[in-house]
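As given in TrEMBL:
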ACT_SITE  ASP141  active site
ACT_SITE  ASP458  active site
BINDING   LYS111, GLU112, ASP141  UDP-alpha-D-glucose binding site
BINDING   LYS275, ASP299  Mn(2+) binding site
TRANSMEM  28-47  transmembrane segment
TRANSMEM  53-74  transmembrane segment
TRANSMEM  538-559  transmembrane segment
TRANSMEM  571-588  transmembrane segment
TRANSMEM  661-683  transmembrane segment
TRANSMEM  695-713  transmembrane segment
TRANSMEM  725-748  transmembrane segment
Amino acid sequence: MACSSSTSLPLHICHGNKLTMIINRSHAVLHSIAISFLIYYRAFFLFHQPTPIIIPWLLLFISELLLSFIWFLGRAYIWRPVYRTVFPERLPNDDKLPAIDVFICTTGPDKEPTIGVMNTLLSAMALDYPPDKLHVYLSDDGGYAITLHAMRESWSFARWWLPFCRRFGIKTRCPEAYFSRTENHDSDSKNPDNFMVEREKIKEQYVLFKERVRRAGQESKFKDKGVYTATDHPSCIEVMEENSKEGLLEDQTIEMPLLVYVSREKSTSQFHHFKAGAVNVLLRVSAMLSNSPYILMLDCDMYCSDPTSARQAMCFHFDPEMSPSLAFVQFPQAFRDISENDIYDSEVRSAYTILWPGLDGLKGPVLSGTNFYIKREALCCHSIKKDIDLRELKDSFGPSNEFIKSLRQDYKKPNLNDNGEASNMLLEEAKVLASCSYEDHTKWGKEVGFLYDSVAEDFLTGFVMQCKGWISSYVAPSSSSRPQFLGTSTTNLNDLLTQGTRWGSGLVDVALSRFSPLFYGSSRTSFLHSMGYAELSLFPLLYCLPLWCFATIPPLYLLNGIPLYPEVSDPYFSIFLFIFLSSLSKHLHEVVVTGRPISKWINEQRIWMIKSVTCHLYGSLDAILKKFDLRKASFLTTNKVADNEQIKLYRGGKFDFRTSTIFVAPLVTVMLVNLASIVGGVYRIMFTGTDWRKMFGQVLLSFYIIVMNYVVIEGMVLRKDKGRIPLYVNVLSIVFSLIFLSLGSIIISN
């Protein structure tokens with residue numbers, strides 16, 4: 001299907017794969033039929049069993065229903081997936097392109113290294129876009145002096161870096177990524193000798209830049225910060241300027257994007273709403289200083305790998321048929337630190353190759369927190385016309401007359417280049433807009449900007465936006481092109497499960513809120529689209545409960561010789577076996593068609609089980625406790641500081657179990673329960689005359705759990721390195737498993 005543009009040729013096309021859709025829908029029908037037979041079997045025989053096994057039978061039935069329900073919701077993704085190709089060379093001339101504000105958020109140098117943040121900032125400044133239409137904002141939520149100093153240094157280095165990238169057609173515009181390469185400097189220059197001379201000169205400047213930032217960072221550790229802290233400081237806004245002519249020829253000027261440091265006011269007496277609060281401050285501050293109609297959102301470790309991403313996004317925003325209702329264009333997250341084996345599924349393959357293209361075929365993908373170009377109008381509700389009551393506007397947007405003016409259709413973009421009274425006034429107004437009390441008694445975070453109802457502010461904001469009629473698009477790079485953005489991912493178990501707990505809590509927050517996709521979305525967006533959002537919001541909760549049940553109840557009854565599944569000769573056993581193999585084979589098919597090896601399928605199965613009994617459980621509990629006001633909202637920042645020892649284990653394909661006991665102990669306990677049960681169950685079959693045909697289903701389930709999670713056993717008894725499971729965790733888990741098996745056996749025997 002071709003998407004029209006203002007020219008005779010389309011700016012983008014979207015297409016689907018008919019064979020894939022036929023396979024997906026056929027599988028969905030067959031799997032649904034099998035599930036209906038399973039439900040009939042469980043429901044019919046539920047009350048025809050001896051009294052002692054009614055409860056476990058019922059628990060298994062409920063678990064199977066929950067898994068069937070979440071599977072049903074997930075069929076939305078595979079119903080009509082589409083893929084898009086863009087033609088940025090067909091865009092109009094640069095003078096007709098709209099301005100873009102780039103938002104980058106950081107919390108502090110402890111977990112987000114300053115040099116890495118500055119590399120992201122420099123890659124954004126170097127985008128292949130008219131520099132006078134590009135404005136880069138960095139939100140420093142902790143108000144750290146080192147971050148402000150590093151930005152000043154970045155501005156100075158950018159005066160060397162940007163001309164070099166433009167002159168030689170450099171494609172890798174993140175300095176660290178560029179200079180770390182040993183070959184293929186991706187220059188289109190016809191003068192290679194001059195290029196190499198310039199490259200060495202710029203590399204020398206980059207080394208000096210890093211040294212100045214590193215030295216300033218060390219000095220800042222010994223300086224007294226006075227009365228201000230990361231959680232209690234005034235707002236600070238600075239527009240970067242550099243009057244030095246070092247390195248420039250006479251009368252030479254360099255076109256530079258606007259670069260602005262923003263640190264919002266923080267107070268220990270105020271709740272600041274984490275990243276969503278920081279982004280809303282950037283929305284208001286940028287409205288004063290540049291007020292671009294489009295915004296690029298970036299995580300501080302996600303640099304611009306393809307400098308043409310802005311032009312790719314404009315291929316959709318310039319489409320006259322799509323643009324009026326298009327809120328944002330989402331790009332995937334790709335990671336430069338993923339190993340070939342990827343034991344933690346840090347790539348998040350299923351989201352960016354299956355889920356997002358599937359939603360794109362409906363009403364558009366989820367707002368994913370980073371790598372998206374969004375229309376400012378979609379976040380600020382609408383452009384303001386002259387006849388709207390001023391008091392009503394202030395109730396929504398706050399008391400700033402200057403900010404409200406920026407929402408008008410006839411508002412003229414401010415000019416900060418004159419350094420006069422007008423620009424000083426705008427900066428002072430921006431500081432007011434960044435105050436922690438500005439949002440009091442307004443609709444910020446409720447109906448305006450990013451919503452505050454969940455830690456998963458991006459997911460919720462995008463969902464509500466689409467329920468209001470907006471749509472979105474998804475653009476993944478082709479196999480032959482470079483990813484538009486590259487970042488770092490979680491490469492150790494502790495960060496993976498900590499991040500998963502935060503995500504799980506945020507998603508279940510949405511599922512339990514007034515914006516629950518099951519109810520809020522059903523009447524406001526398409527049925528399939530609301531199904532996709534419902535699956536995303538519910539999967540942490542609806543996976544952790546059934547998997548805990550399957551990991552404990554069948555093994556316990558296997559140990560005691562009581563069957564919970566049909567015997568092998570029963571026709572209904574084939575139904576259970578078909579559903580089990582059908583799920584595994586469909587997952588394997590998805591992995592293979594996306595170009596990944598079978599080992600990827602094994603890793604994803606393992607991580608799915610590990611997450612379900614750990615971070616999905618804790619995230620769901622966290623959301624439920626917050627729902628009943630038994631716990632305050634919290635935000636755990638993902639660690640982005642590399643640890644050489646952890647990286648070595650990750651590259652070697654070994655799990656690093658140096659994480660919290662609350663994460664490791666459940667894994668070890670589940671493995672011990674299944675090991676004890678399968679040994680005891682096989683002993684009963686071989687020496688006590690228990691019919692193996694009745695127990696085969698439970699033996700198969702425990703065997704599958706053990707085989708898929710052999711790394712836990714390896715970490716318990718075989719490993720000798722620092723990443724092994726500590727002895728005290730093994731002892732604690734043995735105690736837990738003995739208590740569970742003993743109490744369970746006593747209850748069953750009575």
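Keep in mind that glycine also has a Cβ here, set from the backbone N, Cα and C atoms.
Unlike curated entries, TrEMBL annotations are predicted automatically.
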Problem set entry | Non-local residues, at least 6 beyond the ends, that sit with Cβ under 8 Å of the transmembrane segment (695-713) | 343, 550-551, 554-555, 557-558, 561, 563-568, 573, 576, 602, 605-606, 609-610, 654-655, 667-668, 670-671, 674-675, 677-678, 681-682, 684-685, 725
Seminar exercise, completed: Ranking 538-559, 571-588, 661-683, 725-748 by Cβ pairs under 8 Å to the transmembrane segment (28-47) puts first 571-588
Problem set entry | Neighbouring C-beta atoms (10 Å sphere around the C-beta of GLU112 (UDP-alpha-D-glucose binding site)) | 23
Exercise. Max Cα-Cα distance in Å among LYS111, GLU112, ASP141, the residues listed as binding UDP-alpha-D-glucose?
Worked result: 13
For this session: Express the distance between the Cα positions of LYS111 (UDP-alpha-D-glucose binding site) and ASP299 (Mn(2+) binding site) as a whole number of Å.
Result: 13
Exercise. Hey, which of 538-559, 571-588, 661-683 has the most Cβ-Cβ pairs under 8 Å against the transmembrane segment (725-748)?
Worked result: 661-683
Exercise. What is the Cβ neighbour count of LYS275 (Mn(2+) binding site) at a 10 Å cut-off, with all protein chains included?
Worked result: 21
For this session: Report, as a single number, how many Cβ atoms besides its own are within 10 Å of the Cβ of ASP458 (active site).
Result: 22
For this session: With a 10 Å radius around each C-beta, find which of these recorded positions (LYS111, ASP141, ASP299) has the fewest other C-beta atoms nearby.
Result: LYS111
Problem set entry | Neighbouring recorded positions, C-alpha within 10 angstroms of ASP141 (active site) - of GLU112, ASP299, ASP458 | none
Problem set entry | Spatial neighbours of the transmembrane segment (538-559) far in sequence, C-beta under 8 Å, 6+ residues away | 53, 56, 59-60, 62-64, 66-67, 69-70, 73, 503-504, 507-508, 511, 518, 565, 608-609, 611-613, 615-617, 619-620, 623, 670, 673-674, 676-678, 680-681, 695, 697-699, 701-702, 705, 740-741, 744-745, 748
For this session: Based on Cα distances to GLU112 (UDP-alpha-D-glucose binding site), point out the closest of the recorded positions LYS275, ASP299, ASP458.
Result: ASP299
Seminar exercise, completed: One should report the C-alpha separation between LYS275 (Mn(2+) binding site) and ASP458 (active site), rounded to whole angstrom, as 9
Seminar exercise, completed: Expressed in Å to no decimal places, the gap between the Cα atoms of ASP299 (Mn(2+) binding site) and ASP458 (active site) is 12
